[in-house]
Amino acid sequence: CAASRQAACSAGCIPIPWLCDGERQCPDGTDEQCVYECCFVPSVCGSKKVQCPGTHHCIPHWELCDRHQDCEDGWDEEGCPHQPCLPGQWQCRNRVCIMAEWKCNGIDDCGDSSDEDICAPCPPGMVRCDEGKCILESLMCNDEDDCLDGTDEPSTCGEMRGGAGHRKRSRFMRQPCNCLPAYSCQVCSARVDIHSGDLYWLALPPTPPLPTSPAHPRTPVPRLSCPRTHVPCRDGTECVAQEYMCDGEKDCADGSDEDGCAQLCDTPGRSGSSYPCGLGGCLNASLVCDGRQDCTDGSDEAGNCSVSCQQSCAHLCYPSPQGPRCWCDRGYQLAEDGLSCMDINECTEKGEGACSQICLNTPGSYSCGCLPGYLLEPDGHICKLTGPEPILLVAVQSEVLSYGLRSGREEVLLAADKDRVIFSLDYDLVERKVFWMDLATESIRWQDLNSGKKGTLVKGVRSDCIAVDWLGRNLYWTDGAAGQVLATHLGAAWRGTPEYTVVMDGDLDQPHSLVLQPLAGLLYWSEVGKQPRLMEATMDGSRWHELLAQGLGWPTALALDLPTWRIFWLDEKLGSVGSARLDGTSVKVLRLGWVQSPFAAAVCEGQLYWSERKAWSVQKLDKTSGKNRTVLLKRHGQPHGLQVPSQGIPKPCCTSTNSCAKNNGGCAQLCLPNP
């Protein structure tokens, strides 16, 4: 072993920072026994970081042997195990070997997208980050990590400082025209969203030369170019998603996404007191014929404004350029006879936008309520969980993190071996155990969060997704290659032979994501084969049917929202977020540019959370509108499984149709519910 960088182990050599780090790397555990003097020397970097030799620079453990030089002398990449691929294979960034011909085939065969990130060349004037994304050259050395891996801010940036001794810090880079000879136009400025990777630029489109004179020189007007899923605002400063046009909310700073939306006057739920202007837009009836032009075209004045109201209106009458008209109080709409008013059922018309959980319609209005365990917020619409702070469990590389959804507090709950990747995970709220899929060993493992005890549930399996039935005491998983859904008992212990059963087989076309509804004894899964679809079945697999088969690409992440009785999915192929009622009706799909490579999803209160593998981040957005996207976590490692553990344990005797909840259903071994 290299004396200065490695330590001897019964199975070979290991990097020195792996000594006394709380994890056994040597089979005999000698790396965690105090036989090395390092065990008695406190680290200046703390327990979660290591020190680069001869410097005061500290790096996280997960940056060791990650194929990126983090210490200036490259110490963190020396003495690392290297497993070269066989002839005809190609090594991914995560060291997985794939067939060379699988590169650039449109499929993420590596699992970290490195086989696809290298395909398309960057446009002129741009550079590629190590993780694959292209950014503008002008964003290099601007004191901000525009690359997720920080490769745009290397240690050599100090040599690139200008004469004034400082670097540009602006996120919107103003440059002379012709700085980027790309896209057949002159790019004058550009901006990169570091969370989504979207590139926005202001460009001068090529146009035929026009006659000019010294007195009237021709000045080209820049335009904003947006991603295909977005449209530019009129002032040219930003882009908004197409779904946000004419939705009743001003998403552009200048409000141009709501201009010209004449149809808003006929939007269900709008009261009969709205007057349509001639050029679009709506006006409150009280402003019509008031002697002032409130519509931009003046269509709210003149005409027959002087004709007095003599109609038998149920509520009120107002003058208009077309003559007297009846109008209704708030919460009512004008009937077809033009005189009477009908109550608006806001619960139906506004849908999920009315209340986050329970909606009760009343004459002229409505009220919201919450399920047990929730409390109505002061706004009268949103329900929040009572009791302890809800947490999000996230698998990032070999660690499971706990993230407080109120405080943002992060904590490492468990850590597997460094060369292992925690893939899909779920949580048993009865015994407080975390279960996860370990692809390296083809096993499903667990750890008790109370005692720290670890174990193996079953070996010899591969799965994209696992799910725990905490009530029936079973664990389910999908096998996409075999086209199966399988299950085993949570109390099973590995004794050398597999102990599990095939729940469903035969007609399944690459089952992928899987979620359970233990109280009802139901399971839901997605299929990503030739005919993508969402499915529902009883937990014993005896009764299954198709929930949805239209408008799907690759629904790779599922989540249940039981308070609203809906199922959510993220579609990797279409870049969309969708939801539907659990009977397959009321389908809603939002196409959003930042949904790129979703792996797992969860819903809590009014937010949808998901792990984004390409962006190496965990993000959230408003589950109803798709707005207010926020990046919660961004690490130098791919996030995979995530889960929001339920609060408390419902009483199965009163609320459940899960036939295995009591005495294991009378079964000696495995009990599968059939409600």
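Using the three backbone atoms N, Cα and C, a Cβ is placed for every residue, glycine included.
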Between Cys252, Cys261, Cys295, work out which one TrEMBL annotates as bonded to Cys277 by a disulfide.
Cys295
Check TrEMBL and name the cysteine among Cys13, Cys20 that pairs with Cys1 in a disulfide.
Cys13
Candidate in Cys85, Cys92, Cys119, Cys122 joined to Cys104 through a disulfide, as TrEMBL lists it
Cys119
Within 10 Å of each Cβ, count the other Cβ atoms and name the one among the disulfide-bonded residues Cys13, Cys134 with the highest count.
Cys134
Within the chain of Cys122 (disulfide bond), which residues six or more apart in sequence place their C-beta under 8 angstroms from its C-beta?
Arg128, Cys134
Give me the count of other Cβ atoms within 10 A of the Cβ belonging to Cys246 (disulfide bond).
16
How many Å separate the Cα atoms of Cys119 (disulfide bond) and Cys92 (disulfide bond)?
13
Measure the Cβ-based neighbour count of Cys92 (disulfide bond), defined as the other Cβ atoms within 10 Å of its Cβ.
20
The predicted model's mean pLDDT over the domain 'EGF-like' (308-342) is 87
Let me make sure I understand the structure: which of the disulfide-bonded residues listed (Cys1, Cys119, Cys277, Cys295) has the fewest other Cβ atoms within 10 A of its Cβ?
Cys119
Of the disulfide-bonded residues Cys13, Cys92, Cys104, Cys277, Cys295, which one sits closest to Cys246 (disulfide bond) when you measure Cα to Cα?
Cys277
Cys104 (disulfide bond): which of the disulfide-bonded residues Cys1, Cys13, Cys92, Cys277, Cys295 is the nearest Cα neighbour?
Cys92
